[in-house]
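TrEMBL annotations:
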- 45-68: transmembrane segment (TRANSMEM)
- 59-299: domain 'G-protein coupled receptors family 1 profile' (DOMAIN)
- 80-106: transmembrane segment (TRANSMEM)
- 112-134: transmembrane segment (TRANSMEM)
- 154-177: transmembrane segment (TRANSMEM)
- 197-216: transmembrane segment (TRANSMEM)
- 248-267: transmembrane segment (TRANSMEM)
- 279-301: transmembrane segment (TRANSMEM)
């Protein structure tokens with residue numbers, strides 16, 4: 001039997017599964033390449049990733065358009081939220097393009113471009129989350145001068161640095177740091193090398209540790225402020241710190257979902273390589289994409305200014321309970 005079966009597994013280790021005879025099929029069953037039925041032309045995991053990318057793109061496109069077209073949303077907080085939404089939007093588009101290229105336009109160039117886009121986008125997403133955490137910390141530590149021009153300048157510097165670093169990371173596979181010429185150096189995501197994946201994983205762990213430390217400092221500041229208010233009996237000022245505590249609770253949600261989504265894939269990338277079954281890579285990578293689905297819900301649907309913009313777009317009015325609330329820098 002001379003029939004060849006090719007099943008594309010996207011940018012994961014096993015790009016094609018070939019079965020030319022019964023002997024080869026039994027050999028594949030004992031190897032690390034998963035056995036696929038002949039009638040299966042599209043990997044279901046790739047379909048799930050593409051669907052996830054579509055949902056990510058739709059959600060974050062709404063947030064990007066709202067912030068871009070609303071002149072009142074130019075505070076540092078909204079610039080960082082816009083950066084996060086843009087990064088997640090590009091990540092979703094990258095997942096969709098990867099699916100299309102993997103099954104319609106297979107070439108080394110398209111693999112490098114798509115993996116570069118995905119790596120750069122997710123790196124910018126993680127970097128934006130760290131920048132938002134830094135911004136929350138500064139808004140509490142330097143509460144009196146938070147709205148100054150200095151804060152805006154610092155925000156732009158953070159955005160330039162994080163996007164510059166993310167783009168450089170995304171260009172590494174295109175510039176030659178890939179395993180297309182030496183498959184033994186491949187990581188769990190082809191064509192990234194094992195060293196490349198390890199650097200990304202360690203960088204993630206360091207950024208998460210920094211975010212956790214900043215969150216702890218934020219909690220300390222909030223508790224100290226609450227204690228001072230209790231001592232001075234300034235009950236009229238309590239509303240501001242209720243909003244502050246809301247921001248802290250949001251940060252807790254962000255950190256919790258961030259760790260739950262990214263930690264499995266990060267740790268797996270450190271210990272595994274291209275010889276591991278691809279199903280493990282899919283099973284750990286898919287939850288990582290969920291972080292980009294959750295981010296718009298945390299920011300867009302919890303932030304009152306973006307809620308107002310959504311109400312204006314949807315029904316042309318703003319509910320009274322939103323219009324009467326004042327925005328605070330700590331209201332994430």
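Backbone N, Cα and C atoms are what each Cβ position is placed from, and that goes for glycine too.
Automated prediction, rather than curation, is the source of TrEMBL annotations.
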Beyond a gap of at least 6 residues from its ends, the CB atoms lying under 8 Å from the transmembrane segment (248-267) belong to 126, 129, 132-133, 136, 201, 204-205, 208, 211-212, 215, 218-219, 222, 284-285, 287-291, 294, 298, 302, 332
Near the transmembrane segment (154-177), which same-chain residues lie under 8 Å Cβ to Cβ, leaving out any that are not at least 6 residues past its ends? 76, 79-80, 83, 87, 112-113, 115-117, 119-121, 123-124, 127-128, 130-131, 134-135, 138, 191-193, 196, 200
For the transmembrane segment (45-68), find every same-chain residue at least 6 residues outside the stretch whose CB is under 8 Å from a CB in it, and list them. 8-10, 78, 81-82, 85-86, 88-89, 91-96, 98-99, 102-103, 279, 282, 285-286, 289-290, 292-293, 295-297, 299-300, 306, 309-310, 313
Predicted model, mean pLDDT over the domain 'G-protein coupled receptors family 1 profile' (59-299): 85
